[in-house]
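Listed features, source TrEMBL:
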- 343-357: compositional bias 'Polar residues' (COMPBIAS)
- 366-376: compositional bias 'Low complexity' (COMPBIAS)
- 389-399: compositional bias 'Acidic residues' (COMPBIAS)
- 335-399: region 'Disordered' (REGION)
- 1-25: signal peptide (SIGNAL)
- 300-324: transmembrane segment (TRANSMEM)
- 436-456: transmembrane segment (TRANSMEM)
- 490-508: transmembrane segment (TRANSMEM)
- 536-557: transmembrane segment (TRANSMEM)
- 563-582: transmembrane segment (TRANSMEM)
- 594-613: transmembrane segment (TRANSMEM)
- 619-641: transmembrane segment (TRANSMEM)
- 681-700: transmembrane segment (TRANSMEM)
- 706-727: transmembrane segment (TRANSMEM)
- 739-759: transmembrane segment (TRANSMEM)
- 790-809: transmembrane segment (TRANSMEM)
Amino acid sequence: MAGRAAPSPGALLCALLWAAAAAAGGGPGDNPAPGAFGRVYRGAVNISAERVYAFAYRSEPGQVDAVRVYVNSSSENLQYPVLFVVRQQKGVLSWQVPLIFRGLYQRTYNYQEVSRTLCPSEPTPETRPSDQIIFVDVASMAPFNIAYELLVTRLENFQLETNKAFNFTASPSQPQYFLYKFPQDVDSVIINVVSDAAYPCSVVSVQDIVCPVYDLDHNVEFNGVYQSMTKQAAITVQRKDFPGEQFFVVFVIKPEDYACGGSVPSSIHGNVNRTWNLQRTKNLQVTIVPSIKKSVYVQAMFFSFLSFLSFYLGSVVVAFVHYIRVQRKAAAGRLSPEHGSGMMTSSHPISASTPEGSSYGAIDESSSSGGRQLSSPERRPPAGSDTDSSVEEESDFDTMPEIESDKNIIRTKVFLYLSDLSRKDRRIVSKKYKIYFWNIITIAVFYALPVIQLVITYQTVVNVTGNQDICYYNFLCAHPLGVLSAFNNILSNVGHMMLGFLFLLIVLRRDILHRRAMEMKDIYTLDYGIPKHFGLFYAMGIALMMEGVLSACYHVCPNYSNFQFDTSFMYMIAGLCMLKLYQTRHPDINASAYSAYASFAVVISLAVLGVVFGKNDMWFWVIFSLIHVLASLALSTQIYYMGRFKMDGPDSDLGIFRRAVMVLYTDCIQQCSRPMYMDRMVLLIVGNVVNWSFAIFGLVYRPRDFASYILGIFICNLLLYLAFYIIMKLRSSERLLPIPMFCIVATAVVWAAALYFFFQTLSSWEETPAESREKNRPCILLGFFDDHDVWHFLSAAALFFSFLVLLTLDDDLDTVRRDKIPVF
């Protein structure tokens with residue numbers, strides 16, 4: 001009819017809604033009205049009878065409305081499930097009841113009650129309200145009626161608020177998700193989720209505002225960032241990762257607990273083909289709090305660098321004070337040695353006499369052939385000849401044919417002095433110890449490059465897949481920067497690198513001063529004090545720097561597969577310190593670099609095997625304990641006999657075990673005689689007791705953290721040897737100067753504080769990721785660093801002071817003749 005007005009869009013929508021409601025009224029007698037929110041609809045469907053419900057609502061401008069659909073069916077017939085299809089303006093969501101989940105070994109679990117949150121409509125820029133409509137189709141292919149219930153509600157608390165806790169309940173068939181929008185002044189937030197019960201296992205996911213939302217066990221990992229959870233979970237989210245400045249927080253309950261370290265209920269063991277209907281609900285609480293601001297990152301970096309730059313400043317002050325004191329002594333003409341026991345004036349610079357008390361097997365140095373007076377002025381290399389010429393090989397040692405028999409006599413003296421064990425050419429011995437330095441640089445390069453490549457790959461996989469179960473962070477204090485997920489754990493390792501480099505500078509200064517003294521033919525440098533060989537010190541400095549590099553690499557993505565990155569150079573540091581301590585008074589008979597690094601390689605291999613097989617395999621602990629005990633005995637024999645008890649080569653002792661038994665029988669049973677070397681025997685007995693105790697402890701208790709167990713063995717042996725060395729030094733009437741005394745006290749104090757933070761376990765890759773997160777704790781320093789970061793800071797300082805102890809411990813002997821310095 002001309003002139004009749006066209007119907008408005010709202011009128012058409014209303015007519016369509018009424019028509020749909022009339023067709024799906026739910027059965028005879030029902031009013032053909034639209035579905036009402038909050039009303040329970042009951043009905044039955046079969047192959048020839050379907051139901052369609054229509055629900056309409058009005059959305060206000062700028063508002064996000066969420067709708068949740070609850071369905072229930074008493075039927076457990078898996079052949080003819082009830083199918084529910086929800087149609088929205090921009091998507092379709094469907095599921096069946098009973099809802100089937102599959103677990104480990106194809107176990108199946110069914111649920112008759114299902115509720116899902118529909119993907120909310122996006123807020124429109126319009127200034128007026130908009131009408132929305134939802135259709136719910138209910139159908140089944142069953143030849144008989146199947147009853148169902150339907151309830152559709154609008155969610156009142158769909159949007160999470162900052163700093164406000166929200167409690168809810170979820171189950172495998174009733175997942176939950178909520179919306180969060182970034183406030184204007186917040187660039188990063190931390191989603192904290194807690195639960196009183198560890199199980200059932202759950203998954204927390206952060207997904208972009210995209211439909212459909214993946215909120216079931218089999219698809220929650222398809223999108224966004226996610227992590228499994230028992231009692232605690234935390235995810236850091238940055239505004240820059242979400243262009244819309246909002247995201248969904250999804251909570252899914254898993255049908256089984258194996259992913260979180262739980263076990264299958266005993267009632268369903270062995271019944272793989274049976275379908276189970278388990279009630280698994282979990283009460284959760286979510287709180288979203290703002291994370292730190294960019295200014296905190298700047299403060300943390302300044303704190304880290306300035307803290308360790310203060311060590312540089314302190315070193316400069318000490319060096320300057322030392323320089324002033326030397327200049328004043330030089331001006332006063334008081335550079336000659338003081339008179340006293342074991343001291344001599346410059347008027348008799350290099351006269352060697354037989355020390356008192358060395359009558360057993362003693363050799364008069366003055367009557368020895370000139371070829372063996374390697375420390376005499378005639379055999380000294382010319383000034384400036386202390387170079388690393390490739391012509392001089394380690395095979396140049398002991399070029400005189402009678403030197404081997406001379407060793408056997410000298411090293412079996414009851415009272416040994418440093419002059420007895422520092423007879424080799426200083427240039428060749430220095431070259432031997434510099435091999436430690438060059439070898440560790442080679443090892444570091446070949447070890448670090450693949451490590452860096454691997455951890456970059458790990459971090460890339462985490463960023464691309466969103467699987468935060470790959471890396472074992474302290475998620476309550478993991479501050480991302482760029483592509484790195486936990487920048488604070490990496491930054492805290494800067495101390496190892498800075499203090500390692502500072503130690504190299506200190507050693508270089510001493511090396512330069514020593515070379516200058518050699519060029520001047522200073523008598524104190526030639527035959528006084530501990531022989532100056534700096535190769536092991538350089539190796540220790542490089543090892544400390546590499547510990548920082550590899551620890552940082554490990555903390556890029558700490559997990560079961562790369563744990564050895566964090567511990568390898570710890571073993572090497574402990575081993576190098578013991579070697580340096582032994583080399584101090586045994587410069588001619590210390591282990592070569594090749595055998596030392598080969599031993600470290602064996603230790604690292606055992607550590608890897610221990611982590612792989614040490615949890616449950618008794619055979620590994622039996623073999624390891626046997627190796628540990630035999631290695632302790634073999635090393636004790638070598639130390640006791642000063643390296644003259646050989647097991648290889650043309651002069652090998654083929655009856656070593658028979659000889660050991662005979663010595664034990666003769667000295668300890670037949671004659672009960674006093675050991676020839678009492679001090680060494682006491683040390684070795686205590687050392688063997690400690691190591692055998694470690695072996696027995698490991699065999700009985702089989703500690704899960706095998707890497708720390710091995711490191712504990714190294715540290716205990718190092719501390720035992722250092723304590724023995726200091727006690728013997730004081731017992732020999734030697735002094736501790738102020739600087740080494742300060743370093744010893746600082747080492748003890750800092751190590752005690754460091755170990756306290758080390759044992760504050762914040763994560764553990766020996767457990768599942770969900771169980772590890774139960775140990776997570778908030779930051780404790782500047783709101784940026786956690787307990788483990790403080791351990792990094794303090795352990796770097798403790799190692800630095802420990803190195804200084806070894807470097808300065810015998811400075812009091814610089815004016816003491818070597819034939820007056822006892823060996824122990």
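Just so it is clear, glycine is given a Cβ too, placed from its N, Cα and C backbone atoms.
Heads up, TrEMBL stuff is auto-annotated, nobody curated it.
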Sequence-distant contacts of the transmembrane segment (681-700), meaning Cβ under 8 Å and at least 6 residues beyond its ends, amount to 621-622, 624-625, 628-629, 632-633, 636, 639-640, 675, 709, 712-713, 716-717, 720-721, 724
Same-chain residues at least 6 beyond the ends of the transmembrane segment (436-456) with CB under 8 Å of its CB atoms are 535-536, 538-539, 542-543, 546, 549-550, 553-554, 556-557, 562, 565, 568, 572, 576, 593-594, 596-597
Could you tell me whether the transmembrane segment (300-324) and the transmembrane segment (490-508) are in contact, taking contact to mean 3+ Cβ pairs under 8 Å with a sequence separation of 6 or more? yes
Sequence-remote partners of the transmembrane segment (300-324) [C-beta within less than 8 Å, at least six residues beyond its ends]: 488, 491-492, 494-495, 498-499, 502, 505-506, 509, 739, 782, 784-785, 793, 796-797, 800
Against which stretches of its own chain does the transmembrane segment (790-809) lie, if we need a Cβ under 8 Å and a gap of at least six residues from its ends? 304, 307-308, 311, 489, 492-493, 495-496, 498-500, 502-503, 506-507, 510, 537, 540-541, 544, 547-548, 551, 573, 577, 580-581, 584, 722, 725-726, 729, 736-737, 739-740, 743-744, 746-747, 750-751, 753-754, 757-758, 760, 780-781
Residue list, the transmembrane segment (594-613) vs rest of chain: Cβ under 8 Å, 6 or more residues beyond ends. 435-436, 439-440, 443, 560, 563-564, 567-568, 571-572, 575-576, 579, 620, 624, 627, 706-707, 709-710, 714
